[in-house]
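Enquirer: Below is the structure I would like to discuss, written out as structure tokens.
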Amino acid sequence: MTRGAAMVAAVVALLALLFPASSAFPPAGQQQQPLDPHFYDHSCPQAQQIVASIVGKAHSQDPRMAASLLRLHFHDCFVKGCDASILLDSSASVVSEKRSTPNKDSARGFEVVDEIKAALEAACPRTVSCADVLALAARDSTVMTGGPGWIVPLGRRDSLGASIQGSNNDIPAPNNTLPTIITKFKLQGLDIVDLVALLGSHTIGNSRCTSFRQRLYNQTGKGLPDSTLDPAAAAVLRPRCPRSGGDQNLFFLDRVTPFKFDNQYYKNLLVYQGLLSSDEVLFTGSPATAELVKLYAANQDIFFQHFARSMVKMGNISPITGRNGEIRSNCRRVNHN
């Protein structure tokens, strides 16, 4: 077992003692959905250990992978619910969500999911869903980078299709206004606390030049940079994010502690050093979100508590359960009878 996997195992064991059974972190919204942390206790008791081990190995080989796996879970849940639709490749019957604007040239980690799924199929064939793999990998990635742990309710099943339209329309975009972002979260049953807490995942990971270039040169269409971006920070960004070219150049979302899951993201917002417009607007766009930014910047423990609860709540968005959907044997394609 890797060091990261051992860390996850220790955290999950502690949480199980503190929060026995399925009441660990009850979803604040959709209580009726029958997900259960103990879903695989008998059918595949080693499932969580398998996921944690492979996530730990991937993280040790590529420090960016934790953020990538966490992002996959977000982008999955915001489109048709947490059903692993994001993992499907294009086929005769599927137009892959990987082609959508939010995912093209940026979504990654699919090979790690493939490795996890292959190991699970070897241990427990047709038992653990790809949707649950994404939920577990997101939790494990958070823990391995220093963030909070939580009990993951399980029992999701996998979709039989994808929605590139939903991916293009429903996932919050870097240039969305705060009201638009709030609306997109509200449509998923997530409130302002969830919004501000979950965007704290940008404490790790990267963004491409094309996602924030307008802030450096032409935020309002008048040829002026974003007034809510610290000029000194903008000057550091411009050499590798010119007016044209360099679209795929990567920049840390949190350049202070880019590989550590902490509350530095919120501290950056307080001094106008959020990278994306959709980040900084949490501090500048409304008093309600600004107060939460200040709270999380001052108290990492509260941020961690809220983040964990909001991750469980997000993981409960419209799961496929019971006899609906399927358990894919290969996360990239639906099963064939």
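Just so you know, the numbers here start at 1 and follow the chain as drawn.
Using N, Cα and C of the backbone, Cβ positions are placed for all residues, glycine too.
The structure displayed is predicted, hence computed values, not measured ones.
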Enquirer: Of Cys130, Cys209, Cys241, which cysteine does TrEMBL list as the disulfide partner of Cys331?
Expert: Cys130
Enquirer: Using the record from TrEMBL, pick out the residue from Cys44, Cys77, Cys209 that is joined to Cys124 by a disulfide.
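Expert: Within the candidate set Cys44, Cys77, Cys209, TrEMBL assigns the bond with Cys124 to Cys44.
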Enquirer: Which cysteine out of Cys82, Cys209 is the one TrEMBL pairs with Cys77 in a disulfide?
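Expert: Among Cys82, Cys209, the cysteine that TrEMBL links to Cys77 by a disulfide bond is Cys82.
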Enquirer: Give me the sequence-ordered set of same-chain residues, not including Asp76, Val79, Gly81, Asp83, Ser85, Glu97, with a C-beta within 8 angstroms of the centroid of the Ca(2+) 1 site's C-beta atoms.
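Expert: Close Cβ neighbours, site residues excluded: His75, Cys77, Phe78, Lys80, Cys82, Ala84, Ile86, Ser159, Ala162, Ser163, Gly166, Ser167.
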Enquirer: Would you mind reading off the Cα separation of Cys82 (disulfide bond) from His75 (active site, proton acceptor), to the nearest angstrom?
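Expert: Computed Cα spacing between Cys82 (disulfide bond) and His75 (active site, proton acceptor) is 9 Å.
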Enquirer: Using the Cβ center of Thr203, Asp254, Thr257, Asp262 as the Ca(2+) 2 site position, which other residues in that chain lie within 8 Å, going by their Cβ?
Expert: Ile204, Val256, Pro258, Lys260, Phe261, Asn263, Gln264, Tyr265
Enquirer: Just to verify a number: CA distance, His202 (heme b binding site) to Asp83 (Ca(2+) 1 binding site), in angstrom, no decimals.
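Expert: Distance between the two Cα atoms comes out at 23 Å.
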Enquirer: Roughly how many Å separate the Cα of Cys77 (disulfide bond) from that of Asp83 (Ca(2+) 1 binding site), to the nearest whole number?
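Expert: That comes out at 7 Å between the alpha carbons.
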Enquirer: Where the distance is taken from Cα to Cα, which of the recorded positions His75, Ser85, Glu97, Thr203 turns out closest to Cys44 (disulfide bond)?
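Expert: Spatially nearest to Cys44 (disulfide bond) by Cα position is Ser85.
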